[in-house]
């Protein structure tokens, strides 16, 4: 299949799928819950990719890198623009500290487990092990607010305070993960066998902040007042291409660079700026596209990789539960959060897949393939279990829905 037709197919699937991704009310409850967050589009990507019917061959996947980078840039930017300082100040400092504690405990635990396993499964350098373990740890540390939001809408209103706390944690724990990934990409070079350089690391971090500020400044100076919504969308997509192109050229993380740009824009633009309209209007489409493209990288994985993913799924869920309980005891004087509420943070979302894609597109070798495989398996399992875990943790449906 020619590249142009592949891109057209993915875009059409993204726009068509956006109408169905979160609209499953007519399906039986059990099926609706399993596919609640739309991960079935990952299966679509796996089916048409080299690991499925091979409609898109493995050699053609690399030709999609610029297109994939666009999706990664969108993911980073949409999370970056949520980091408005004025909004963050309204959040209880104790809740922000709890989020960091939870993310750190989960990330550190997954890091060491994957590092041990990868040293056994692969013959690679310690540098490659460290980077791959860091990527898997970051993908596991994050939580997806999507599942919490969708399931929460069907829960009793008495659960609102607990749901709000979960939404805060699931939104905020994304930022430290993307920052760690950005730092990894700066200090650990993308070369066979791996490389580490303090000088390059600090210089690339400096360049990342300067480039992000400059890109945000260019966007601010661009006169968009008289542009229509469609023209604003075209400018927005062109802006994303510029960000991700620079990131790929410098072997930096498109997620990290676009996150920084988003933070700069969030704290300089007016809350009603058209960029937010553009982000909202393309949210579902890019969400579906990221899922489909991620699925294309699916392979036939060995039993060892499945076993490792299974261990990480169980350990991650346990760490989510215990870290939130431990953190809540430390930062709150009262029982603000119910015991075991952390297990409702099981969903990882499309961002975890984007983190894996971000890694496999830039770094060579076997470590990225192992990391992506483990992340993909974990995401599928966690997305399927998330609705059940949220209900098990917080309670049943609304009374009127239960009666029906």
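Any Cβ shown, glycine's included, is placed from N, Cα and C.
These come from TrEMBL:
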TRANSMEM  6-22  transmembrane segment
TRANSMEM  34-55  transmembrane segment
TRANSMEM  67-85  transmembrane segment
TRANSMEM  97-124  transmembrane segment
TRANSMEM  130-153  transmembrane segment
TRANSMEM  165-190  transmembrane segment
TRANSMEM  202-221  transmembrane segment
TRANSMEM  233-266  transmembrane segment
TRANSMEM  286-319  transmembrane segment
TRANSMEM  340-364  transmembrane segment
TRANSMEM  370-390  transmembrane segment
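Highest Cβ contact count with the transmembrane segment (34-55) among the listed stretches 67-85, 97-124, 130-153, 286-319, 370-390 falls to 286-319 (criterion: pairs under 8 Å). Using a Cβ-Cβ cut-off under 8 Å and counting only residues 6 or more beyond its ends in the same chain, the transmembrane segment (67-85) has close neighbours at 7, 10, 171, 174-175, 178, 237, 240-241, 243-245, 247-248, 254-267, 275-276, 279, 282-283, 286, 289-290, 293, 350-351, 354, 357-358, 361. Panel annotation: around the transmembrane segment (165-190), residues 76, 79, 82-83, 91, 95-96, 98-100, 102-104, 107, 127, 130-131, 134-135, 137-139, 141-145, 148-149, 152, 196-198, 200-202, 204-205, 208, 251-253, 255-257, 259-260, 324, 336-337, 341, 344-345, 351, 355, 358, 362-364 of the same chain, lying at least six beyond its termini, place a Cβ under 8 Å from a Cβ of the stretch.
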